[in-house]
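TrEMBL lists Asp24 with the feature active site, nucleophile. What TrEMBL lists as active site, proton donor is Asp26. Annotated Mg(2+) binding site per TrEMBL: Asp24, Asp26, Asp250, in sequence order. Taken from TrEMBL, the feature substrate binding site applies to Lys225.
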Amino acid sequence: MSSQPLSPSNFKDLFDSVEAFLFDCDGVIWKGDELIQGVPKTLQMLRSKGKKLVFVTNNSWKSRSQYAQKFQSLGISVSQDEIFSSSFAAAMYLKAKDFPSQNKVYVIGGEGILEELQLAGITAFGGPHSLVQEDANKTIDLKQNCFVEHDKSVGAVVVGIDPNINYYKLQYGTLCIRENPGCLFIATNRDAVGHMTALQEWPGAGCMVAAICGSTQKEPVVVGKPSTFMMEFLLKKFNVSCSKMCMVGDRLDTDILFGQNAGCKTLLVLSGVTTQSALQDPSNNIQPDYYTNTISDMVDLSKLISGSLLHHFVVRWFAPSIKLKRYGCSPLRSRTIL
């Protein structure tokens, strides 16, 4: 079934049937550090109508608290409890697996992963920097006697977006996964690209994950979208059934598939990665329920709906009175509205 462009009629049906809107961030709320036009008004309108808002991002570079600070810096009030990042999902996955307290986690990724793991009571190192070792600045000199020592207590390697990835990190992560018995390989997500800046797309975590897949010959456990792992926490936190949720995103293979896998309604916005031509390409088999240009279209559609209801009220209530007076008759004192 093909997607429907969002319109006043189907938006009303969608709006009335949804209690919680789940928003991706990159390409939906912002691009880099720039807000997409109309976002504050859209979120304010949805809150004023009693809708719950949740922000579900695959970008693992920041923690939930860091994302809350970013929202604040852009003039939007979002609480940490409304944010579900793939960095948080990685920590929650290990908690759910009863990760042994004596084991450590090696991180190829950002500070967000390290912070979420620490909050979960899990010892982690690596990332962009570490008190133990400055992995981001390490280089490899492949001489005959070159040898990398690795920590045998590492029980998991978590890989996310890492602008500081290098050959040393790849070797360290590979050694842990291949040589430490039972070592888990966890990917925050496998996004090919992302809007790391406002001007263009950049390589996403998928290429870092693919590098470790290639060197270990193993596939990771993916905790971000489209995996429904995060949905378990959303359901517990907000007590809303999936059928009353709408996932709003700019990527077909992560955001929209995540919503479909969980049984949510789905809305694709064309403000990020996916173009309308890509959506309508015959080879694309991921079709959202609806699509529109940006989330700010929801404000315009809401106004149109309100305007049509007002027009309906005027026609049903005042027009008969005007017509009756024209013929010297008294109007009825009351009429059924709508």
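Cβ coordinates come from backbone N, Cα and C, glycine included.
Automated prediction, rather than curation, is the source of TrEMBL annotations.
Features per TrEMBL, on structure.
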{"residue": "Asp24", "record": "active site, nucleophile", "Cβ within 10 Å": "25"}
{"residue": "Asp26", "record": "active site, proton donor", "Cβ within 10 Å": "23"}
{"residue": "Lys225", "record": "substrate binding site", "Cβ within 10 Å": "32"}
{"residue": "Asp250", "record": "Mg(2+) binding site", "Cβ within 10 Å": "27"}
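If you compare Cα positions, Lys225 (substrate binding site) sits closest to Asp24 out of the recorded positions Asp24, Asp26, Asp250. A separation of roughly 7 Å, to the nearest angstrom, links the Cα atoms of Asp250 (Mg(2+) binding site) and Asp24 (active site, nucleophile).
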